[in-house]
Amino acid sequence: MEAIINKLYQQASLTEQESQQLFDTIIRGELDPILMASALTALKIKGETPDEIAGAAKALLANAQPFPRPDYDFADIVGTGGDGHNTINISTTAAFVAAACGLKVAKHGNRSVSSKSGSSDLLDSFGINLAMSAEDTRSAVDNIGVAFLFAPQYHSGVKHAMPVRQTMKTRTIFNILGPLINPARPNIELMGVYSQELVRPIAETMLKMGMKRAAVVHGSGLDEVAIHGDTLVAEIKDGVIHEYTLTPADFGVNTHPLEAIKGGDPEENKAIITHLLTGKGTEAQLSAVAVNVALLMRLFGHEDLKANTQQAIDVMNSGKAYQLVEKLAQHA
């Protein structure tokens, strides 16, 4: 371990294996907190490479509680958080809408670290059981089309890094690992990142982790597809990364100011999302969710973004997605 940390002190990059070894030690609670802080700081200042991120993610997945992985195509739709904009819970809402459009989604999330209301805060407010067993969660994906995996239940070892992270009060590699360590191991993923500098490296990381099809996005300051500006996309298809830019017009929607999709605390967000999923959402709110569902649908082979967007809007207006929220709340 000393050799690995010394390598970081010299601003040298670790191999995937070395990174996996380092994070394995962290997750098992075997690394001295001072050395852990030093390693996390050195990685941050140097800038984490796809090899280092993939190695860390593999270490966390190897130490996670097991999950009965489906053998069909299924996805996660998730943002790193930390974009500082406190928008409504777009990816969580999009998960239900995507399921109502016929996709399978196993969403991995946590309580909010930076925004007023993280995905689990919202689900909690709808009465959805966050401590659902792995078996019940799997049957929800099978039968309802959507389920939620609560990170602490599967990744108990992350607690060993918590005091160090809280004391450091700065972003570390852990801030980007969450979306990469879904214990269900989906083969399709739409991941939003808080900085456009992360788009390409995270796509390269996903390629190393064997994703079948995925897209990493940054939307003009947001960790999701934007309706207030351009969205930078790095999409993995057939083992190759394609980079392109999308505008609201590509989805057939109007441009809206960021203020139009501001969120609040869990109760306010619950009211907004309930309206959205029962046909009472504003045009901006409907568009914001629909463009994210549309890109996720593309990853399942539905290539027409405008048709996908319209289907997502129709599903929200029909109330079909809200029925899935209720079903998941009754599930277990």
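The backbone N, Cα and C atoms fix where each Cβ goes, glycine too.
Features as listed in Swiss-Prot:
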- G79, N110: anthranilate 1 binding site (BINDING)
- G79, 82-83, T87, 89-92, 107-115, S119: 5-phospho-alpha-D-ribose 1-diphosphate binding site (BINDING)
- S91, E224: Mg(2+) 1 binding site (BINDING)
- R165: anthranilate 2 binding site (BINDING)
- D223, E224: Mg(2+) 2 binding site (BINDING)
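Location within the structure of each feature annotated in Swiss-Prot.
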residue: G79; record: anthranilate 1 binding site; CB count, 10 Å: 28
residue: T87; record: 5-phospho-alpha-D-ribose 1-diphosphate binding site; CB count, 10 Å: 22
residue: S91; record: 5-phospho-alpha-D-ribose 1-diphosphate binding site; CB count, 10 Å: 27
residue: H108; record: 5-phospho-alpha-D-ribose 1-diphosphate binding site; CB count, 10 Å: 25
residue: N110; record: anthranilate 1 binding site; CB count, 10 Å: 18
residue: R165; record: anthranilate 2 binding site; CB count, 10 Å: 18
residue: D223; record: Mg(2+) 2 binding site; CB count, 10 Å: 27
residue: E224; record: Mg(2+) 1 binding site; CB count, 10 Å: 28
**Fill in**
Rounded Cα distance in angstrom between E224 (Mg(2+) 1 binding site) and G79 (anthranilate 1 binding site) is 7
**Prompt:** How many Å separate the Cα atoms of D223 (Mg(2+) 2 binding site) and H108 (5-phospho-alpha-D-ribose 1-diphosphate binding site)?
**Reply:** 16
**Asked** Quick one: what's DSSP say for S91 (5-phospho-alpha-D-ribose 1-diphosphate binding site), helix, strand or coil?
**Response** helix
**Fill in**
Nearest to R165 (anthranilate 2 binding site) by C-alpha distance, among the binding-site residues G79, S91, H108, N110, is N110
**Request:** Work out the three-state DSSP category of the residue listed as 'anthranilate 2 binding site'.
**Result:** helix
**Rounded Cα separation (Å) that holds between S91 (5-phospho-alpha-D-ribose 1-diphosphate binding site) and G79 (anthranilate 1 binding site)** = 7
